[in-house]
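Engineer: Here's a structure for you.
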Amino acid sequence: MDNLIVVDHPLIQHKLTILRDIETGPKEFRELTKEITLLLTYEATRHIKTHSVEISTPICRTEGKMIEDKKVTVVPILRAGLGMMEGVLSLMPNASVGFIGIYRDPETIQPVEYYAKLPGINDNEIFVLDPMLATGVSSAAAIEYVKKAGGKHITLMCLIASPEGASFISSKFPDIKIFTASLDEKLNDHAYIVPGLGDAGDRLYRTK
Ligand SMILES: O=P(O)(O)OC[C@H]1O[C@H](OP(=O)(O)OP(=O)(O)O)[C@H](O)[C@@H]1O
Ligand SMILES: O=c1cc[nH]c(=O)[nH]1
Ligand SMILES: [Mg+2]
């Protein structure tokens, strides 16, 4: 899978290990989700354009490079993607944010879309956020929605991907890169990622 990038930096591995631990409570879980996402963002934004600006240092005039984060749109998939949002926004505070609400029906394992509000996305760089790429149906539904709204430059960021989810997304959207902190072993009979971290939304918001 050429379009799957596993960002297995030691700092990310360390934080992901604590995140997975069943003993880690919601406060730390939220902090780690933000921190890992921030580190993933560093890699996932390598391709974004820079432009030259002239500035004065205390010594002389010089040219520097800057990004235009006003042309970036972040799209967390509710609920659990919300936990990743601040990690991206802390590096690109002028990005616009769109929200897509999707939950996975536990019986059918099909995505149920219940909310969507996207800003104008024009030619923006779009980062879809979904912490768990399990079967991939939720991310695929969100990507389809963003594409229908005119999104062209889409990157998917997740914390943990399953082989099944990663190959589903990469065959459906060969032009989309997936950045993940880990490619896990497999899905279990309930389509949960193994070893995974359980239900990301429940752990972020203590709903179970
Ligand atoms: O790859 P998939 O098989 O689609 O599974 C992944 C999705 O499942 C979870 O959402 P969930 O349905 O638990 O909703 P929540 O975020 O509101 O908890 C998770 O946050 C992903 O969006
Ligand atoms: O392992 C999984 C699969 C789907 N959703 C989660 O939150 N975790
Ligand atoms: Mg959930």
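Cβ atoms here come from the backbone N, Cα and C positions, even for glycine.
TrEMBL entries are annotated by machine, without manual review.
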Engineer: According to TrEMBL, R79, R104, D130, P131, M132, L133, A134, T135, G136, V137, S138 bind 5-phospho-alpha-D-ribose 1-diphosphate; which one of D2, D8, D199 is listed for that same site?
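Structural biologist: TrEMBL lists R79, R104, D130, P131, M132, L133, A134, T135, G136, V137, S138 binding 5-phospho-alpha-D-ribose 1-diphosphate, and from D2, D8, D199 it also lists D199.
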Engineer: Once the DSSP letters are reduced so that anything not helix or strand counts as coil, what is M132 (5-phospho-alpha-D-ribose 1-diphosphate binding site)?
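Structural biologist: DSSP assigns M132 (5-phospho-alpha-D-ribose 1-diphosphate binding site) to strand.
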Engineer: Of A134, G136, G198, D199, which binding-site residues come close to ligand 3, meaning Cβ under 6 Å from one of its atoms?
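Structural biologist: Among the binding-site residues listed, those whose Cβ sits under 6 Å from ligand 3 are D199.
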Engineer: Of the binding-site residues R79, M132, A134, I193, G198, which ones put their CB under 6 Å from ligand 1?
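Structural biologist: Checking each Cβ against ligand 1, the ones under 6 Å are R79, M132, A134.
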Engineer: Near G136 (5-phospho-alpha-D-ribose 1-diphosphate binding site), which residues of its own chain have a C-beta under 8 A away, given they sit six or more steps off in sequence?
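Structural biologist: Looking at Cβ-Cβ distances below 8 Å from G136 (5-phospho-alpha-D-ribose 1-diphosphate binding site), excluding near sequence neighbours, one finds E164, G165, A166, F168, I169, K172.
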Engineer: How long is the line from the C-alpha of S138 (5-phospho-alpha-D-ribose 1-diphosphate binding site) to the C-alpha of A200 (uracil binding site), rounded to the nearest angstrom?
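Structural biologist: Checking the Cα atoms of S138 (5-phospho-alpha-D-ribose 1-diphosphate binding site) and A200 (uracil binding site) gives a distance of 14 Å.
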Engineer: Could you check the binding-site residues D130, D199 and say which one's CB has the most other CB atoms within 10 Å?
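Structural biologist: By the 10 Å Cβ neighbour count, D130 comes out on top.
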